[in-house]
Structures are given as structure tokens and as C-alpha cells.
Amino acid sequence: MENVEEAPPLSSESNSNSNNSSASSSSHQLSQSGAMGAEIAPSTSRSHSHSPTPSPPVPASSHDQPHPDHPSPPLNASETEARENSPHDHSPTPTFHQTAPPPTTSSTAPQRDEREQQQQQEAPPLQQDQQENSPAQDQELHPLLDQQNQEYPAVHQDQQAEQNQELHHIEGLIRHRESQNPEEHPPQASLENRETLGREDTNQEPDEPQVRDPEIEPEAEPPPPLLLEDLDEQDSGSQDLNEQQPPLIIDANAIAETIDANAVERIDDYEDDDEEVDEEEEVVEDRVDRAGEVASVSGAQRLHSVAVLPRYSSASRAPRSSNNNNNNISNHNNNNNNSNSNSLSRRTRHFYSNNGSHFSNDMFPSHNPRSSTQTSSPRVGGRRHHSTPAASSNSPQHQGVDPLRLLYPNVNESETPLPRCWSPHDKCLSIGLSQNNLRVTYKGVGKQHSDAASVRTAYPIPSSCGLYYFEVRIISKGRNGYMGIGLTAQQFRMNRLPGWDKQSYGYHGDDGNSFSSSGNGQTYGPTFTTGDVIGCCVNFVNNTCFYTKNGVDLGIAFRDLPTKLYPTVGLQTPGEEVDANFGQEPFKFDKIVDMMKEMRSNVLRKIDRYPHLLETPENLMNRLVSTYLVHNAFSKTAEAFNGYTNQTFNEDLASIKTRQKIIKLILTGKMSQAIEHTLRSFPGLLENNKNLWFALKCRQFIEMINGADIENVNNKVTATTQTMPTNQTSVIQSTKTFKHSKSGSGNGNVNINQTQQQNNTAIPAVIKPQGGDRPDIKNMLVDDNSNKCVEHDSNSMDVEMEPCQSHSNGGDSSSNGNASAVRNSLDAIDEEMDVDVSPSSRNCGRVIEKILEFGKELSSMGQQLEKENLMTEEERQMLEDAFSLIAYSNPWSSPLGWLLCPSRRESVSTTLNSAILESLNFERRPPLEYLVAHASELIKVIGQHSLGEDAFITIDDVFPQN
């Protein structure tokens with residue numbers, strides 16, 4: 001009895017209300033789920049007593065416990081009768097490896113006779129009998145409690161204390177929820193009141209037995225679904241199957257042990273999820289029924305521990321699989337959290353078990369235990385994705401690279417597309433295509449040779465492949481296996497097997513013969529049947545073809561093949577079915593890449609062995625380098641190189657330096673000075689080439705808007721070098737928004753100290769005065785980067801100038817019409833500039849006036865070329881683009897900002913340099929460029945004539961970089 005006093009006393013609720021339906025169902029569900037992982041003896045609580053006078057249970061040994069994968073042993077007659085007369089649910093439930101069945105107590109014959117006599121004599125239900133026999137049961141419990149306290153004294157006390165505390169906490173949360181939502185959750189009595197009401201209802205209806213009919217029980221309460229704990233436990237492997245835990249004696253309060261501190265909060269999450277995803281997820285329990293069961297501990301236990309995984313549709317699965325990496329990391333970390341972790345989201349739509357593990361429906365497609373040999377799949381977006389062994393993350397398909405482009409890099413598919421599938425338009429009617437037009441099935445009768453049917457690709461094999469290979473897998477040989485794999489010309493008839501007609505070549509599987517444009521076959525290789533992989537390779541260098549079987553080379557089958565051949569496969573008897581692989585998947589024959597490397601080496605050795613007929617390569621290369629340096633006006637470098645190689649100049653050195661100066665002016669944006677030097681040094685060049693002059697003028701107009709050629713306003717001024725700002729404002733906008741400062745300097749001087757922005761990278765264009773102290777347009781400073789227009793005075797530079805207002809590129813875009821429309825728009829802008837009458841504004845206005853005047857002159861020049869029919873479409877577009885820059889307050893960020901890029905000056909300088917050399921009777925291009933262009937053209941000609949070597953030659957091979 002001392003051991004009984006040490007153990008915590010059983011609650012009055014549990015002792016007096018042993019047959020309460022809520023506690024009984026919760027205890028029964030707990031015994032089914034095996035959440036505690038221990039054996040539950042039927043005599044540990046009066047709510048689980050199935051006989052009036054149970055005997056003390058005998059602890060079962062590890063050998064007596066049944067294996068979790070095998071069913072429980074059949075019950076004897078006494079146990080069957082006791083369960084039929086018991087008010088508790090004994091419907092069959094699935095057994096999992098976490099829980100071992102409770103040991104059954106033997107029932108003697110006198111006890112059975114005594115129980116039958118009591119049932120015949122007494123009319124009250126079994127509940128009253130059990131209440132009357134409770135003192136005897138308490139006496140029988142004492143030895144069992146002594147044993148429990150001896151084995152687990154401290155653990156049992158701590159567990160019961162935690163259980164009682166959690167149970168009262170959950171009951172308080174449930175009452176608080178009912179008070180907040182009186183409409184959604186109807187008021188229900190507390191645990192004590194419901195148990196009292198249960199006894200009163202039983203006493204009021206003594207004639208109605210509470211014994212359930214075993215035939216109706218499965219319909220009234222179906223077996224519970226799989227537990228998340230069970231599935232989570234099965235993931236750990238099969239080594240836990242034989243592990244046995246010591247038996248624990250659990251009373252009615254133990255049902256709260258599987259409910260953690262977040263149980264009620266997670267129950268609320270289930271209801272919130274039902275409201276949010278009602279259209280895309282199916283919930284097993286009705287929401288109204290669930291709300292009515294939340295107030296009971298059994299309902300909370302069922303909702304928390306036994307959760308049916310909903311079936312997600314493909315529409316709802318897609319957005320969840322596209323979560324970012326942060327969500328993936330968060331979901332991965334949640335798998336290692338315990339049951340008290342508060343990092344779980346309330347709005348999650350996944351399911352969490354009692355130990356904090358994260359589950360989703362994708363992880364368990366079928367509720368079958370996974371074997372220990374199954375490897376775990378990675379989680380993506382909180383869901384487990386099952387990968388197939390065939391899919392490799394290192395394959396080109398997963399890296400976003402076309403494998404055919406890697407296999408045939410020299411093929412230009414815009415001109416000669418690669419065969420990638422069978423053509424649905426170039427086939428016989430008896431042929432059926434499926435699986436992206438890669439699977440071929442015969443659908444004819446197949447009685448005669450005329451019943452043969454073939455299919456080919458939509459495009460022929462490009463000769464620029466050099467070496468082309470494809471494979472065909474025999475899915476089924478059909479009735480007779482009359483199949484042919486080969487090559488055909490475009491005019492091949494599709495009711496014949498490849499090889500029977502002219503310009504068709506095939507390898508047949510029924511006899512292993514090769515057919516070359518004839519009905520008479522030649523002995524070639526073995527036959528092939530279901531499961532074999534047949535490959536066909538075409539060599540465009542020597543115009544041969546060979547076949548492979550299951551990765552083994554069978555030797556050359558055909559020679560002297562024509563060009564433009566199509567991959568073809570032919571079938572003849574019912575049931576024949578094949579799959580094609582044109583390079584999308586790895587080949588069975590893995591020596592294609594090595595063969596291509598060997599052929600490439602042979603072609604390069606052939607080029608190196610070609611005899612040099614003219615002179616030694618050293619002298620030829622020296623002349624090529626010298627002419628290239630002279631052509632591009634690298635005067636100092638050319639002079640040093642010719643002195644080292646003992647070569648002479650064909651052009652005067654002074655002419656080379658003049659061209660060099662003009663090229664530098666163009667590259668720095670000083671178009672007006674470049675044009676002036678060209679007219680002075682090479683008279684008659686621009687006058688006789690009006691199109692070139694017009695192109696230079698268009699570029700000059702662009703540089704004026706850019707601010708690099710402001711000296712065009714006055715020919716006596718020069719400008720320093722420019723930089724390319726990222727947010728430059730046009731000269732037009734700067735002059736329109738110019739404001740004169742009212743600073744108290746007295747002399748009207750200005751300060752240009754604020755000439756750079758935060759990036760400190762731009763250098764302003766300074767206009768230097770050439771005479772006179774009066775401020776004029778030549779005394780203007782335009783800061784291209786800081787959007788300031790500053791007046792410069794030769795006496796002092798101390799007075800600050802207000803910065804011009806910065807405008808975004810939100811100006812109205814004007815349509816690029818003809819030249820007259822552009823001139824009218826320029827006139828309108830010119831009239832607008834007359835509004836500002838301040839002296840400084842007039843100076844800035846003169847700048848824009850000069851730009852507009854130059855634009856009118858350029859427009860007139862374009863009209864003159866139009867009259868003489870000398871204007872090309874390229875020059876017409878150039879003029880429209882240049883005039884369109886006026887419409888933007890920030891030309892750099894406009895759609896035409898590429899015109900202001902310094903790289904656009906190179907083409908203008910190259911054109912002018914070539915024109916100058918041509919006027920001096922020199923070549924427009926250096927000889928080195930001619931050689932490179934000639935070699936490129938020869939490679940194209942080789943490909944056009946289907947010689948095959950072009951697949952293994954590039955410009956870098958002919959002219960190596962090192």
C-alpha cells in the first residue's frame with residue numbers, strides 16, 4: 001500500500017467516469033495509433049476493463065509479443081464473448097510497428113458462469129455493474145501500480161503531472177474558443193459535466209443496452225486512417241522493427257501526452273486552411289462536424305494525431321513547387337525541430353506530426369510503408385520530389401544546353417536544320433507516330449511486300465556535320481521483324497523499305513543484309529530483333545556509311561553516298577514498333593565524339609602539309625603586318641616594325657600622319673575639325689563623294705547634340721575631350737532651362753567649381769574665349785554630366801551659377817517623317833527660344849540656334865541627294881534617327897541613345913580612311929583582312945559542296961591566335 005500512496009492519485013473524473021464516450025474513444029484511438037510506442041494493458045484503467053473480475057496481468061516477454069508486420073493471434077471464446085458484451089469499440093484497426101497488441105488476460109470458467117448469471121439477473125446496463133465492482137478492481141490495480149512505481153517511480157510521476165497540466169490547459173483553450181465563437185461552435189459542457197450527464201442519461205434509460213452491434217460498428221465508425229507518426233517512423237528504416245520498449249501503464253489522462261503545446265493552435269490552422277483552400281483541397285471531415293468535436297479531448301486527439309493527407313491537384317501543386325530557396329531551407333530546417341518548436345507557420349498548408357516532422361501528400365502517394373532500401377528524395381519547396389535514376393543533373397538537357405548543338409557546332413540551323421524527329425508529312429499511311437514523333441508503329445495488314453511502309457525526317461542531314469549518327473531501338477519486332485533502317489533521297493517512295501529503290505540504303509533485320517538501291521541484298525551483319533539498338537553513321541568526308549548493333553561497330557556498309565540524304569526507317573508486319581534517338585539522349589555507341597576528334601586532327605594535318613609555292617611564310621607574314629599597320633595609320637608602330645624587318649613604306653609618312661590626325665579627331669567626336677582637315681589636306685575628296693560628306697555631316701549633328709562638337713557654333717573655339725555620362729542632358733534642354741544667378745558678386749562672374757557629379761568621372765567641355773571680354777556664345781561652358789550651363793568670363797571665375805533643372809526622359813516623342821516635317825519642327829523650337837530675353841539666356845539660345853541652323857542645312861543636303869537619286873535607304877534612316885534625338889530631354893536614355901555611343905564613331909573613321917586611301921590609289925582594305933575573308937568564304941564553299949571537311953575547320957584553326 002505504500003507504493004500506492006507514492007503514486008499520484010487517479011483523478012476523480014477518471015475513476016467516476018470510466019465509461020465516458022469521449023475518454024473511451026480517445027484511449028482507444030491512442031491504443032490504435034501507437035503514439036506512445038508502449039504496450040497498453042487493458043486493466044490499467046477502469047475505462048478499459050472488459051471483464052467484471054479481471055486477474056492481474058502477466059507481463060509478456062519479448063518472445064510473446066507479435067511482430068508488427070503479422071496479425072494478432074485469434075481470440076479465444078471467452079475474450080470474444082467479453083468483447084461482444086463490452087460497450088467499447090473493438091472494430092478492426094490497422095496495426096503498425098510502433099505498437100504491440102496488449103496482453104490478454106485469461107478468463108476462467110467460474111468467472112464466465114458468474115458473469116452470465118449477473119447478466120440474467122440484473123437489468124441495469126454494464127456500466128452500473130462496472131461501477132459496483134470498482135472497489136474490487138482498485139484492489140487488483142494496487143499490485144500493478146506497485147510494479148509500475150518500482151520500475152518507473154519518478155518518470156511516472158513526472159508524466160502524470162505533465163499530462164494533467166496539459167489536459168487542463170487544453171480544456172481552458174477550448175472554453176476560450178467557444179466563448180469567442182458561440183455561433184460556429186455550439187456551447188458544450190465541460191469534461192466533468194459531460195461525464196455526469198452521461199451517467200444521468202444512462203440511469204434514465206436503463207432498459208436500453210449500451211452494447212454495440214459488431215456488424216454496425218464498421219459503418220458507424222470506420223477504421224482511422226494512417227497516422228503521420230507511423231509514416232514518419234517507417235522512414236527511419238526497418239532496424240526499429242525489432243526494438244521493444246518497456247511496458248508503461250497509462251491511465252485515462254495519458255491521452256494528452258501526444259498533444260503538444262501547439263495542439264489547439266494547429267487545430268485552428270486546419271480550420272483556417274479549410275476556409276482558404278476549400279476549392280482546391282478535399283477535407284475528409286466536414287467542417288461543421290469538426291467544430292463540434294473540437295471541444296472534446298478525443299476530438300482534439302483525433303484531429304491532431306490522425307490527419308488524412310489531402311490529395312492535391314496539379315494546379316495547386318505547381319505554385320508550391322516554385323518556392324524560393326529561402327522557403328526550401330526553412331522547410332528543411334523544420335524537419336529537425338521538436339514538438340515545442342514555435343517556428344512553424346500558422347498559415348501552412350502542409351501537415352506536421354507530433355514530433356514536428358513536416359509532411360506533404362507528395363511524399364506518400366500510396367499509404368504503404370517504404371522499404372529500408374529506398375533512398376530519400378530531396379525536398380523542393382517543402383515537398384519531396386522523387387527523382388528517377390535515368391535523369392541526371394549533369395546531362396545537357398538539365399543544364400539548358402542543346403546536345404545537338406554540342407555535337408554539331410558548325411551547323412547553321414537557320415540554313416540547314418538538323419533532323420530531330422520523324423516527319424508526320426513524309427510517311428506512309430500505315431505508319432503511326434507518337435511520343436514527340438520519335439516512336440514509329442506499323443498499323444497495316446503486312447501480308448505482302450507492297451504493304452511495307454516507311455517514314456523519314458523532315459530535313460536532310462547537313463554535310464557540315466562531318467560525321468552524323470542516329471540510333472533506333474527495336475521496341476517490338478512484330479510478327480516477322482521485316483524492318484529496315486537507313487538513308488533515302490527526297491524522291492523515295494514511302495511504301496517501300498529503305499534500300500529497295502534508287503538512292504536508298506538500308507540494313508534489314510530479318511536477314512541482316514544491306515540493300516543499296518536494289519532489291520538484291522548483300523550479306524552484311526547479324527539480324528536484329530526486340531531490344532536491340534541499331535545505329536547508322538554517315539561520314540561526309542569519305543562519303544561512307546556504317547552501322548552499329550548494341551554499341552558495336554559492324555563496319556562500312558555503303559560507299560560513294562550522294563548528298564542530301566534523309567534518315568529513314570521502314571516496317572512491314574503488324575506489331576513492329578521502334579524508337580529513334582537523334583542525339584537528344586546519350587547514344588549506345590559512345591565513340592562518336594572520339595571519331596570526330598580524330599577526323600579533325602586529320603584535316604588540320606592535311607592543311608599543314610599543303611606546300612607553300614610563293615615564298616617563305618616569314619616574309620609573307622611580315623608584309624601582312626606592315627600593310628595592316630600602315631592602313632590603320634599606326635605611323636610610329638609601322639615605322640618601328642619596318643625598321644626591324646627591313647621593309648619600306650609604300651605611302652608617304654606625312655600622309656600617314658595626316659590620316660592618323662583625322663582619325664583621332666573623329667574618334668574624339670570633333671567632326672567639324674575632321675571635315676576641315678579633310679577638305680584642306682585632300683581637296684576634291686568630299687566634293688566628289690557627296691554620300692560620304694553627307695554621312696560625316698549626320699555624325700557631326702549627332703556630336704553637336706552630344707556636346708562633343710560645340711565648337712561648330714564658332715570656328716575659332718576648341719573643346720577638350722569628353723566622357724560618356726550615364727544621365728547626360730542634351731544641349732537643347734540645357735539651354736532652354738538656363739537661369740542666370742542673382743549672386744552678389746558685382747562683376748557678374750560665375751563659378752565653375754561645381755562641374756562634376758557624385759561619380760566624379762566626367763570632365764566638362766570648356767569653351768575657351770579667343771578675344772574680347774564681352775560674354776558671347778564662345779564663352780559658354782556646357783557640363784555634360786552635371787546638367788549645368790555656365791557662362792565663362794576671362795576676368796574671374798568665382799561667382800556661382802544656379803544649376804539647370806534636370807528633366808527625365810519624359811518628353812513627347814515625335815514621328816520620324818520626311819525631311820520637311822523635321823524642318824518644320826525645328827522652326828517651331830526656334831520660335832520657342834525667342835521667349836527668354838535675359839542676356840545669358842540669349843547666349844544659350846544662340847547655341848541652340850546654331851544647332852538648328854545646322855540641322856536645316858543637313859536637311860537641305862538630304863533633299864538635294866534625293867533629287868539626284870543618290871540617297872540610299874541607310875542614309876535616309878541615318879538622317880531620321882539624328883533628327884529624332886531632338887525630341888528627348890535625355891538622349892542617352894532614349895531609344896536612340898546608341899547613336900551617341902563612342903563606338904559608333906569607328907565605322908565613320910574607317911569609311912573616311914578607306915576613301916582617302918582609295919583616292920591615293922591604295923587598297924580600301926589591308927591584305928590581311930582580305931585573307932581572313934577569303935578563308936571564311938572558302939569554308940562556306942566547302943560546306944555548300946558537301947565535302948565534309950568544313951565541319952572540322954574554323955578561322956581560328958587557319959589563323960591561330962597564339
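Even glycines carry a Cβ here, placed using N, Cα and C.
The feature region 'Disordered', as given by Swiss-Prot for the ranges 271-296, 505-530, 739-764, sits at 271-296.
Checking the candidates Ser55, Ser72, Ser395, Ser838 against Swiss-Prot, the annotation phosphoserine falls on Ser395.
According to Swiss-Prot, the listed position annotated as phosphoserine out of Ser62, Ser236, Ser387, Ser841 is Ser387.
For the residues Ser26, Ser393, Ser414, Ser806, the entry in Swiss-Prot flags phosphoserine at a single position: Ser393. When DSSP labels each residue, the domain 'CTLH' (655-712) comes out as 44 helix, 0 strand, 14 coil, counted as helix, strand and coil in that order. Residue counts for the domain 'LisH' (617-649) under DSSP, helix first, then strand, then coil, are 26 helix, 0 strand, 7 coil. For the domain 'LisH' (617-649), the predicted model reports an average pLDDT of 88.
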